[in-house]
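What follows is a single structure, written as C-alpha cells, with notes after it.
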Amino acid sequence: MNELRKNEVYEGRVEDYSHDGMGIIKIDQKPVFIGDVLKDEVISFKVIQVKSKFAFGKLLSVKEASKNRQTPPCEYYYQCGGCQIQVMNKEEQANFKRSTVERNINGLAGLNLEIKETITGQDSYYRNKSQIPVQKIDGNLVMGFYRPRSHDIVDIDHCYIQKDSHNDIMNFVKGKLIEENTSIYDEVKHEGLLRHLVIRSNHDDSEIQVVFITNGKRNEFLSITKALKEKYPNIKSVIQNINDEKTNVIFGKRSIVLLGQEYITDTLLGKEFKIRDRSFYQVNHEQTEKLYQIALDLADLSADETIIDTYSGIGTIGLVASKKVKKIIGIEVVDTAVEDAKENARLNGIENADYYLGKAEAVMPKLVKTGVSADLVFVDPPRKGCHREFLDSLIEVEPKKIVYISCNPGTLQRDMKYLSEHGYKAKSVVPVDLFPQTKHIEAVTMLERV
Ligand code: SAH
C-alpha cells in the first residue's frame, strides 16, 4: 500500500522542512518534498516526480492546518520565484530558519551547540536593492521577477518585499519605456538594448540609484533620466551599466554616469558608506544593523587588538568596529569594492584600516608568511563558504576569536566542523532573518581558540 508511485495520491503529516522551505513526508522511507506546507500539517498530495533517493509532491489539500499558516500577502506569490515561504506566518518562518540552522550545526556537523531563536524584523518592503529583468513578449513590455526555475518573467506592478519606493519607480520607468518604445534585449537572439533595471536606495530613501543595464552602450535613456529626476528629487544617481555578454550574470564591467553621482551613501551603525552600482551591500538595512551589532558584541573588542576583516566588501563590518581596535586589515576579491572600502575609511576619518585585493585563500597565506598576527578575524564569505586553504591559513594565524557570518547554513556547518577539529569551539549560533518571505538564512557565531 505504502509504495511510492508517480501520480499516486497520498495523505500524511509533514515531518520536517528541507533547507529550501519545502515540507517533507516520508513514504516508503523516501522523503517526498512538497511546497507550501507547514510542519505538523496533515495534507493530501500527489507525487509528481520520483528520483532514486527522493521525490516531489504537489499539495492537493490541507486536512489539518497549522495555526501558523497564513494566506500569502502577495498576489503574485504562486507564480513568482522571488519568495518561497509566504504561507508561513512570521513565527513559523523564524521556526523554519532556526530548525534549518539546528539541523546543519547539530545534525550534520554534530556540534551540539545552542541555536538561539531567530532574530526577526520588518517582513515587508525591506529590500533596498531590486534587480528587475525586462523583456518584450508578443510586443508587450514585461517587467518583474522570474518564475521558479525559469527565465519567464511574471509581469508585476507591486512586489511585497522590495521597498515601496522601488515599486513606484519601477512602474514609472515601465510607463516611460513603453512611451519611448525603448529597445529591449532579447536573450535568445542576443540583440536589443535594455536587459535589467536595478534600483537601490539607502535606509531612509534620501538617496536612490537607478541603473539601466544594457547590451551595448547606445544611450536611449536621456528623456527617462530627465523625467526621473523631475519626479523623484531623491534619485541621486542614474547609471548605465554595459553588459554585452551572453550570460545570466546581471552586471557588466563598465558603468557610465548618466546623472548625478557614481554612488549613493547609506549609514550603518553610525558610519557612512558610499556604495557603487556593482559593490555588494546587504539588502535589509534594519536586520543588517542587528546582525553586525551581534557580531560586534560577540567579538567583544578591545583597544590594543588587531582584526582581520575577510570578505570585507565595501568595508562595512571592519569599519563599524574600527574605533574600538588598534588596526584593521581587510581582504576582498572585487577591485571596486576594495576602492570603496578605502574611500569609506577616509569618509569616516578612519586611519587604521588597510585593504588587500585578492582571494582570501591567496592573501591570507601570504599574510601568514609575513608573520601577521591578529586577535580576531571576521569571516563573511559568499554562499559557497570558505576555501580549505583559507581555513588552514586562518588556523595558522591563531586568532583568539573568529566571528563567522554566513548566508548558507550548509557551508557554515562544514567550515565550523573543520575549525572545531582544529582547536576552535563555539557555544551558540544566532540565526538572523535578513530575507523574510524567502528560504534564505543568515547566521552568526563566534568560535574561540581552546
Ligand atoms: N562583509 C561584507 C561583504 C560580505 S559578502 C558586508 O557585510 O557587506 C561577501 C564578499 O566576499 C563580497 O564582497 C565578495 O565580493 C567577496 N568575495 C567572494 N569570494 C571571495 C574570495 N574568494 N576572497 C575574498 N573575497 C571574496
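Cβ coordinates come from backbone N, Cα and C, glycine included.
TrEMBL lists 3-61 with the feature domain 'TRAM'. Model confidence over the domain 'TRAM' (3-61) stands at 96, taken as the mean pLDDT rounded to a whole number.
Per TrEMBL, S-adenosyl-L-methionine binding site is recorded for Gln282, Tyr311, Glu332, Asp380. Around the Cβ of Tyr311 (S-adenosyl-L-methionine binding site), the number of neighbouring Cβ atoms within 10 Å comes to 21.
Annotated active site, nucleophile per TrEMBL: Cys407, in sequence order. All protein chains included, Cys407 (active site, nucleophile) registers 18 other Cβ atoms within 10 Å of its own Cβ.
Look at TrEMBL and you will find Cys407 tagged as active site.
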**Q.** For S-adenosyl-L-methionine: widest Cα to Cα gap among Gln282, Tyr311, Glu332, Asp380 in Å
**A.** 15
**Q.** Any further residue of that chain within 8 Å (Cβ to the Cβ centroid of Gln282, Tyr311, Glu332, Asp380) of the recorded S-adenosyl-L-methionine site
**A.** Phe280, Asp309, Thr310, Ser312, Gly313, Thr316, Ile317, Pro381, Pro382, Ile405
**Q.** DSSP residue counts for the domain 'TRAM' (3-61), split into helix, strand and coil
**A.** 0 helix, 33 strand, 26 coil
Q: List the Cα distance (Å, whole number) between Asp380 (S-adenosyl-L-methionine binding site) and Cys407 (active site, nucleophile).
A: 8
**Q.** Spatial separation of Tyr311 (S-adenosyl-L-methionine binding site) from Cys407 (active site, nucleophile) - C-alpha basis, Å
**A.** 13
Q: Identify, in sequence order, the residues in the chain of Gln282 (S-adenosyl-L-methionine binding site) that are 6 or more apart from it along the sequence and have a CB within less than 8 Å of its CB; answer 'none' if there are none.
A: Thr288, Leu291, Thr316, Leu434
Q) According to DSSP, does Glu332 (S-adenosyl-L-methionine binding site) fall in a helix, a strand, or coil? A) strand
